[in-house]
Structure formats: C-alpha cells, structure tokens
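**Student:** Have a look at this one before I ask anything.
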Amino acid sequence: MCSSRCLLFLATLAFLIHLSLARATPVSTPAQCLAHSQNLLRTTNHMLEKAIQTLKHYPCTAEDIDHEDITEDKTSTLNACLPPELAKNESCWASGKTSSVTRGSCLPPQKTSSMMTLCLSSIYEDLKMYQTEFKAINAELLDHNRKQIILDENMLTAIDELMQALNLNGETRPQKPSLEEADPYKVKIKLCILLHAFSIRAITINRVMSYLNSA
C-alpha cells in the first residue's frame, strides 16, 4: 500500500513540475513576433537618430557614409523574403537552400512554405551577425572610456528577443565580428555604417512579420 502511495505521489509531483515548466516557458505567436519586430524597428531608428545627432562632426548621415551590407552573400533574406506576389519559381529557388534553425512560432501553419521558412531562418542569421558586430563595437566604445556614445541597450534587447522567438530550439552558429580597428574614429564610422544598414534590414523584418500576422 505504501509503495503504491509513493508511486502515486511521485507521478503527481512529476506532472506538476512538468506543468509548471510549461507555463514558465513563454511561447511566441505571430502577433508577439510582430510586436518584437516593431520594437526592433523603433529602437533601431532611435539609435540611428541618436548616433547622427551625437556624431554630427563625423560622416554619419545616409549621404556621407559608405553603405555596406555585412550579410551580402551570407544570407538569403533579400531573395527569400520577397513579397509573395513578386516571388517567382519559389520551390526551385528554395529547394537548394538549407535552414539552420527552426522557424520558431512566428510562422503560422496557413502561411508555411519552404520560401517563408528560409526567409525566417535568414532573418535569424542576419540578427545574429548584427548582434555580434554591435556587441564588438560597444565593447570598443566602452574601452575608449570617452562615453561620447554607446549602443542603446533597448535595441540590443530587441534583437535578442526576436532571435529567441525565431529560434525556439536555441541553436546558434558561432559568429566572429569583422571589426578589427581599435581607432576611436574608425569605430564610430563603423557604427554609423552598421546602424544605417540595420535600420533598412529592420524595415524588411517588420514587413515580413506584418505579412505573417495578417489575415
């Protein structure tokens, strides 16, 4: 009798622990992913405006910088995330690509396709690359100890939150920052270049999430 009661107690305890963990683990929805992307766009634009104002004696405006896309030839976002009405030969193009991460829960079942899955995976890789670059630059800015400008933690948090929503399995690829110069001037110029490029990518990401959240 005691043995049966012990087994029943352990089974009940295990069930309650499992239920507690399930409730404690937040699961994103397309609507939440859209909210994350809107927050990303808002915080990125705020950081870009702050950089242009703070670094007014640097070539930091869109007209002055040398535009650079650090994701060029490394991710498929620009091709995979085309609006459906513009995408042609979707199955043929996407069949030769591989997805390194799961789509998380940003992609609703009714809009699942190989191209859209690749699009979300590419967005995740974009975010990972920019996150690595921004963290490296922020470390340099802090090391210079002039506190003229540092990255907004709200933007870095927004990047991390959207990455978590896109990658529920927690799979990551190691990234190495391209920043090599420790010269304060070059670091600030690099910051401006990255912020302009990332603000454009944030617009694309927000458009994709808006489409996935539409009826």
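Keep in mind that glycine also has a Cβ here, set from the backbone N, Cα and C atoms.
These numbers come from a predicted model, not from an experiment.
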**Student:** In Swiss-Prot, Cys33 sits in a disulfide bond; tell me which of Cys92, Cys106, Cys119 is on the other end.
**Tutor:** Cys106
**Student:** Pick from Cys2, Cys6, Cys60: which cysteine does Swiss-Prot list as forming a disulfide with Cys192?
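**Tutor:** As annotated by Swiss-Prot, the paired cysteine is Cys60.
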**Student:** Which of these links to Cys81 by a disulfide bond in Swiss-Prot: Cys6, Cys119?
**Tutor:** Cys119
**Student:** On a count of neighbouring CB atoms within 10 A, which of the disulfide-bonded residues Cys33, Cys60, Cys106, Cys119, Cys192 is highest?
**Tutor:** Cys119
